[in-house]
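In TrEMBL this protein carries:
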REGION    A:1-22  region 'Disordered'
BINDING   A:49, A:161, A:164, A:176  [4Fe-4S] cluster 2 binding site
BINDING   A:101, A:104, A:109, A:144  [4Fe-4S] cluster 3 binding site
BINDING   A:113, A:134, A:137, A:140  [4Fe-4S] cluster 4 binding site
DOMAIN    A:125-154  domain '4Fe-4S ferredoxin-type'
């Protein structure tokens, strides 16, 4: 399952004329399976993730709930989300979901990213951010149907779970998977994970969860992080897991209409931007645009 | 689709700035893309065990450098050890964040002193610190040492300076604590077990013979039904809980949780039912009642393996909440009537037909008949149908091929009747035939990483290593002690293994005093301190508070945070002359004198205690062994050196003892013999190495040893391989007999790493388990008397015609053939499990539900009197600190949550991030009645003080119907304080009352009364 730069199958903002090398495509497709029905919400995965990746978020506050940090941040790539649910019979369920990047087969972040090579997809299915190429525009945030990437305010770059691509590259499992005390997070080929999920769903149905099922949403081509849910018919019970996630229409416009129009009609400006790119780099271009928009907003507000 | 102008502009602008270039084929350079460099290549990998809880997870620590002499090791990453049979690579949030504990900014770097009345720490040298401490100790000892008591008995005790050991320290440190403290005559020698699982020993040992988890972590996977009650393993022992989930996922097990709140264990259970905190005995006795009235017991097991047929004395009585022999004046029982009726041969009378009205079986039936489902529901607040559902599921395992595994922890031990809750569970499991069975048992999930070890080593006021007791002052000679402490066999043919007490005691004394222990001086028996009363933590706090203590040496024990009623502890510490805190971290105990605003509002100038704060190494910086909850002794290795000037505990103890010896040699003093004669022959007496101490713990042959047939067992000077080789004539030594076998001539058995599964998840080649490497206690009971396994799928031991063998080491005489009449509970005088415990419990041979000292209901529905324990530990001075139900209407219960470990992890940034701030859990109904919303700051008050925390308003805390009234419960996680990386908070034990379990003096932390208001 090793993974090198040569195993990239998709790069953000890269023309089909200069595609990434793709010959090493005979790879096992991997997946992380999160069985929320045996997840105890211990946050071992949160801690192991931060420890492995050498990140430390802020010491925040208690907000009257168990969720902490209360949301994903550039320095918390996975968080546990807790939801109390009373079933039809009046019995309480505490639905706990590990939230984080789903590693979509059809990644909205990658599609919407304007920075060449800032987001890549490997042959094994991992969608990885290459932070040094990130221009901090935040389109990946818009493009993500799961609201996962976060921009770090200090370096204006986007961050999210890498599925521990550095560990995968040498044949290890992701840090969260390894640490999970109850085996609620498992890792293997996507094929194997689906089989594991089948067994779990069967067991859950025997235990009275008639709607148990696997969450592998096809609206994004399936994901490389999948959930086993007791209530697969109502994923939104799990702190708003989208029932039918799809890439934002904004990204479709960008890919389908805007891009060629802009390219053709404004070729001259594009050349100008090349000059700008060479001299200043993409990051600042982006900021100029942001500033322009902000100025307009202020104008509009008057 | 709804796109505004701005979004459109953003999108198209991006086209221009970047993608446009690519589309034109003009990307300036091919951007490099690669995964992050793998950070562990060639780092030094060191094996260790997690320092937090008693699961004892294997960890791999990665340090800078490849081991070269010129590279200074520093741990930069920790992850799970995939080879470890229990943890299999997993770590919970505490273990996964242990790196930030090791490198906590609160790690102590050098010795400091806070002078009396001063407002600051002052850095001093080790030399100066130890010189001053030795002086203070000697002066106090010389002034207050008691050689003879008023009756003229030799007692050799020093009561005015106490010593707290740390249940996170290694066994090698622990036994040095014992040698050091007892050599000086200290009687207040304690560790966290007192405030933790003390009642486990007190409840399990009288039931089965040993006070430990009966099975082990991995074995839980073999269960068919799991009852989690009085514990919350998903939060407190997440990685051990792996095996409960495994039972569910792979063994179709049914998991039930009965707890005051819907916790994270309940989140993955099949069934949850609420219970009022402190009502567990009523629930369990109700289960026993259900099993007996519905004939859901394993008859053959009950007859053969419990004391059901044995006949109890005629003068035993139980009336209206009181057992026979009660002395109201002394608040204690004369237990002589709680015994069997003996025949002329000295053996107990029995009735195999179970018809005799006074056989244990009928007494039990009679005792539990009051615990009807209606009564249980009324006392516990558990809906009747929930209670019956739990009963039915448990009852389904009364057949030979089904088992229930009970998992509990502090939810039982932290109650005024904690020991008896455990006894009640023992009764249930014996009736179901689930003890000694793979997938069965009562699994006491111990707390700290080595609290099992510190209990084994007798770091407790009236104990000695290996569950021997420290002599009391009436046991004036070794002979008298041995006579009293060596139990008589009560049923013919039984092993009664404690008959070997003389061998264990003499071998201990040889370990303690070495060459100085001779037959002529009774092996130094006189030098041991003799006690007049229990000097437990509660008692020593009382003593400090009365100004009757002068010094306290505290090693890795945050007593102000951990003991009940923090305010009283603070006042007590302030009356000491000197306090020595040896700890890796800045603790609230060491800075009790410092003003931290609302969290610790004291005036330093008023406090005249001299405080020494000494930096110690932590687990990651030492070699040594710790004992996990499954009694596994696991050896670990240092991955870096202690930071800055921090020392190993052994170096502190050794250097200090040498200084004291110098002072006594130079100046003379009171009773120097014990401290001069204690064996301290280490390669460097100032810094004993763990390896040499571990071998001493195991024990040596001091002469050539031969067995009955004249075969040589061991040569003089060799390490022993079994406690069966110990002698009572001084020719063997072993500091802790149950640990014999841990380091033999074949090497360090604790360091073994063979994880081969010999059957049902048993891994006897991993580490070493006491006793004798047995992994499942009482395992002979997994087969019927004729030797046939109760369940063919659970064949654990078998008789091969000559001896017992199988997946585990038999906990049984290996050559006692099936049908020999030798019963499986070899540590007990009668060989059988105890439904009735005879005189071993101080508060009754059967459990009984008593109301907590602070009860939300006016009367115990079972009794006419107060309905409270007639023998609970209460000090007179504390009585005014108990609140009434009128003033404090809500039941508070304190606990741990997953992200944190007691008061340690608040020092770890990674853990502070995931649970940053103190909170309190209340029901939606209570919140609404007080106008409290989630996230509001609220104040929780008891008669003893108050805390503030954020309100977590939740459906998971339910309003209960108890004895005809509504009862609200308030959940109080304990993890914050005024030192650490997490946000400052209050010590939660400010609220808890000083009421102790009658058997162990473990305080009531989990059922007391409070009021709440919006802060």
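Cβ atoms here come from the backbone N, Cα and C positions, even for glycine.
Automated prediction, rather than curation, is the source of TrEMBL annotations.
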Integer Cα-Cα distance in angstrom, residue A:140 ([4Fe-4S] cluster 4 binding site) to residue A:109 ([4Fe-4S] cluster 3 binding site):
4
Nearest of the binding-site residues (A:104, A:109, A:144, A:164, A:176) to residue A:134 ([4Fe-4S] cluster 4 binding site) - Cα to Cα:
A:109
Using DSSP with the three-state reduction, classify residue A:104 ([4Fe-4S] cluster 3 binding site) as helix, strand or coil.
strand
Here the binding-site residues A:101, A:104, A:109, A:176 meeting chain B with a Cβ under 8 Å reduce to none
Other C-beta atoms within 10 angstroms of the C-beta of residue A:164 ([4Fe-4S] cluster 2 binding site) total 25
Around the recorded [4Fe-4S] cluster 2 site, report the further residues of that chain (criterion: Cβ within 8 Å of the mean position of the Cβ atoms of A:49, A:161, A:164, A:176; site residues excluded), sequence-ordered.
A:45, A:48, A:52, A:53, A:77, A:78, A:100, A:162, A:163, A:174, A:175, A:177
Integer Å distance between the CA atoms belonging to residue A:137 ([4Fe-4S] cluster 4 binding site) and residue A:176 ([4Fe-4S] cluster 2 binding site):
29
Using a 10 Å cut-off between Cα atoms, which of these binding-site residues sit near residue A:161 ([4Fe-4S] cluster 2 binding site): A:101, A:104, A:109, A:113, A:137, A:144?
A:101
Just to verify a number: CA distance, residue A:113 ([4Fe-4S] cluster 4 binding site) to residue A:144 ([4Fe-4S] cluster 3 binding site), in angstrom, no decimals.
10
Might you list, by sequence position, any residue in that chain lying six or more from residue A:144 ([4Fe-4S] cluster 3 binding site) with a Cβ less than 8 Å away from its Cβ?
A:108, A:109, A:248
Near-site residues: [4Fe-4S] cluster 4, ref A:113, A:134, A:137, A:140, CB cutoff 8 A to centroid:
A:12, A:109, A:112, A:114, A:115, A:118, A:119, A:129, A:135, A:136, A:138, A:139, A:149, A:158
Going by C-alpha positions, which of the binding-site residues (A:49, A:101, A:104, A:164) is nearest residue A:137 ([4Fe-4S] cluster 4 binding site)?
A:101
If you measure residue A:104 ([4Fe-4S] cluster 3 binding site) to residue A:49 ([4Fe-4S] cluster 2 binding site) at Cα, how many Å is it?
20
What's the CA to CA span in angstrom from residue A:164 ([4Fe-4S] cluster 2 binding site) over to residue A:101 ([4Fe-4S] cluster 3 binding site)?
11
Between residue A:101 ([4Fe-4S] cluster 3 binding site) and residue A:49 ([4Fe-4S] cluster 2 binding site), find the distance joining the two CA atoms and give it rounded to the nearest Å.
13
Other than its own, how many Cβ atoms are within 10 Å of the Cβ belonging to residue A:49 ([4Fe-4S] cluster 2 binding site)?
25
